[in-house]
Structures are given as structure tokens and as C-alpha cells.
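Report on one structure; see the data block that follows.
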Amino acid sequence: MCLRRRPPGQLLVNTSTLPSDQTLNAACTAKRQQILDGAATLFLHNGYEGTSMSQVAREAGVSKGTLYNYFDCKAQLFSALIEAVAETKLRNVYERIHSDDLDCATTLQRVAEAMIRTLLQPDSMMLYRIIVAEARKFPLLADIFWQRAFGVSISTLADWIANRAARGELVVDDPVFAAEQFFMLCQTRIVQRHRFELPVDKSDAAIKTVARITSESFMKLNGAH
């Protein structure tokens with residue numbers, strides 16, 4: 001069988017059949033999410049210490065080599081999972097914080113409602129319980145959780161509070177403390193009881209009531225009178 005000589009300048013590979021950068025990026029994103037989904041399942045059932053990278057690879061249906069191409073270690077994988085969950089779950093909270101066309105009380109009530117619903121979701125509860133259970137042995141986990149999740153929320157709300165204070169709508173000496181205080185109020189009654197598996201009304205009406213009381217309490221402390 002004779003092979004024809006390749007004309008000068010002609011590529012050995014037909015580039016029209018190669019995947020585009022966009023296709024490759026989409027495939028990488030999908031593979032990364034596949035790994036995160038597998039990791040989430042295992043962390044939920046086994047905790048952080050009880051989950052190994054080998055188990056994650058099997059659960060996600062990828063080789064260990066592929067897994068390590070995306071994540072160097074379990075801590076990095078867990079950090080990415082927290083970031084992904086926070087970005088998805090807290091999007092509604094951030095959208096409500098940036099609603100500048102509403103008065104303070106209304107905005108805060110909507111933020112509180114969105115935060116309560118976020119904290120009640122299974123993924124959020126799973127991460128919280130893992131952190132509480134294993135923070136003493138793995139203090140890095142608590143730091144990651146704070147920086148990637150609550151820290152971002154507090155910083156975002158603190159900026160909004162500072163802006164509203166500058167406009168004379170709030171009276172706040174420490175916006176960061178006020179933001180942290182607000183999010184603690186969001187966790188009263190429903191969220192705290194749910195964390196301890198205690199019976200509690202999680203209905204839409206109950207959530208709205210707690211959100212309203214949270215907003216009213218904050219405004220009594222920090223509203224311009």
C-alpha cells in the first residue's frame with residue numbers, strides 16, 4: 001500500500017475535526033461537576049474523614065488520575081464543593097441584597113427569607129454538620145467554610161449596610177458586626193431547630209413570619225429614627 005506524500009504546509013491532522021476550545025471547556029466543566037456531585041454524596045454519608053479520594057473517584061465514575069487532574073487533595077476538593085454550593089445556594093440572597101430600589105426593611109425581609117430557605121436545604125445542612133463534627137480535628141475545614149460561604153455573605157451584606165448608612169437610612173457603627181448579627185437572627189427558631197432534628201414548622205408562612213420579625217428586630221436596633 002502506497003502512502004501519498006503530504007504536500008508542503010498541509011497538516012497531518014484535519015483541524016476541522018478537532019474539538020473547539022469552547023467544547024473542551026464545556027467538557028471540563030461537566031467532568032468537574034461530575035466529581036463534585038460524587039464527592040457531595042460521599043461527604044454527606046461518610047463525613048470528611050470517612051471519605052477518601054479513591055472513593056470519590058469510584059463514586060464519580062472517573063479514574064484517580066482524572067480526579068487528581070482537577071483536585072490536588074481532599075481539602076481542595078472539599079473547598080471547591082463548599083464554593084460551588086455557596087455560589088448556587090446563596091445567589092438568591094445576593095440578588096436581594098442588591099435590590100437598591102426597595103426600602104431597608106423590605107430588602108432585609110427578603111434577604112432573611114432567602115437565607116432561611118438556603119440554610120434549610122439539604123446541601124447546606126450537610127456542609128454545616130460536617131464542619132461542626134470535624135472542625136476540631138480538621139480546623140482548615142471551618143476556615144474554608146467561613147471564607148467561602150458565610151464570610152462572603154457577611155461581606156456582601158456589610159457593604160450594603162454601609163451604603164445605606166451613608167444615605168442616612170441606617171445608623172451603624174460596625175457594618176460587619178451588624179451583618180453578622182443579622183444572619184444570626186435569620187437562624188433563630190426554624191433553622192436552629194431543624195439542625196437538631198427537632199420538630200418545627202418549616203412552612204412558607206412560618207418562614208415569612210421569621211423573616212419579617214428578623215427584619216423588624218434589625219431595624220429597631222439600627223434603623224434611623
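Each residue's number is its place along the chain shown, starting with 1.
Backbone N, Cα and C define each Cβ position, glycine as well.
Unlike curated entries, TrEMBL annotations are predicted automatically.
Database features (TrEMBL):
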- 29-89: domain 'HTH tetR-type' (DOMAIN)
- 52-71: DNA-binding region (DNA_BIND)
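When the DNA-binding region (52-71) is classified with DSSP, helix, strand and coil residues number 15 helix, 0 strand, 5 coil. Each residue in the domain 'HTH tetR-type' (29-89) has a pLDDT score, and their mean in this model is 92.
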